[in-house]
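These notes are about the structure you will find just below.
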Amino acid sequence: MCDAGGYQALRGGSAGQLNGRPWAAALEESSYEYGSTKYLLLCGLGGMLSCGLTHTAIVPLDLVKCRMQVDPSKYKGILSGFGVTLRDDGLRGLARGWAPTFLGYSMQGLFKFGLYEVFKIRYAELLGQEKAYEWRTGLYLAASASAEFFADVALAPMEAVKVRMQTQQGYARTLRAAAPKMYGEEGLWAFYKGVAPLWMRQIPYTMMKFACFERTVEALYKYVVPKPQSHCTKSEQLAVTFVAGYIAGVFCAVVSHPADSVVSVLNKEKGSTAFDVLQRLGFKGVWKGLFARIIMIGTLTALQWFIYDSVKVYFKLPRPPVPQAPKSRK
């Protein structure tokens, strides 16, 4: 069930019924055909909810993390960073940037999860049954990277507004004030100058997020869970989803943190380039705020997978079993 679109090798005579899609296992309780337009749109809806709600919920931690990256002399740690923020901006200041966060990451989630399902199906069809199983890790990596490329284009404008609001004291308190001000100062480029660093941060992050999650789910059912996946309740399978998501999130945070530091500084300043920021921060500087990001991204990724899989449960979408070798390999 729970691996959010996992891989199932075709079995026996089912190949014709499933139109060559190598993991479209037919489940009795499913309400939508695997790979159909409605199925993919509901996957996109699940992505919107999982990314939009979780990123908005951790805005206070994200705000402190961003400020630690762009002003480490003032925001020296997580606890002291919260203290300085409360002293300067009050309790409401911890929620600054929630609106662009919610809008931006909802759009990112729509493309990230929806297109991941699309690319995974299409790439598997191109590879064929055996190679899709044998190269499944590479397939997860390629599908997630392709999806994130488009997801970041959707995210970039609101990410730029969010960082500007959170890191430039007195710049603007609301999305309605910040977006027109940025456009007036720098034009449309203000919203997209961070898209390349976003790709640097988000594409490795998403590749790790999906591939590590998929393989961790597979390993948990193989080595940790004491009974077959088919015998687990929905609650037990969702628990496996959460654990696998947290493990994937820790790796995601480490892989993507240097680029995240560059994005934070770049969107704070006018006229800077990613290369300039990287040179100025140096090796040590790009790792500032890593512990906060591990806590944030680990929790975030676990909750995202949990929400995404819960949406699949609610709408009774096909959620195939973990990968199994096709008969020809056995």
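Quick reminder: no glycine exception, Cβ is built from N, Cα and C everywhere.
Please treat TrEMBL annotations as automatic predictions, because they have not gone through curation.
These features come from TrEMBL:
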type: REPEAT; residues: 38-122; note: repeat 'Solcar'
type: TRANSMEM; residues: 39-64; note: transmembrane segment
type: REPEAT; residues: 135-219; note: repeat 'Solcar'
type: REPEAT; residues: 236-314; note: repeat 'Solcar'
type: TRANSMEM; residues: 290-308; note: transmembrane segment
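Across the repeat 'Solcar' (38-122), the prediction's mean pLDDT works out to 91. Taken through DSSP, the repeat 'Solcar' (236-314) splits into 70 helix, 0 strand, 9 coil. Within the chain, the transmembrane segment (290-308) has long-range Cβ neighbours (under 8 A, six or more residues past its boundaries) at 4, 43, 46-47, 49-51, 53-55, 57-58, 61-62, 64-65, 68, 78, 81, 109, 113, 205, 209, 213, 238, 241-246, 248-250, 252-254, 256-257, 260.
Summarised by DSSP class, the composition of the repeat 'Solcar' (135-219) is 73 helix, 0 strand, 12 coil.
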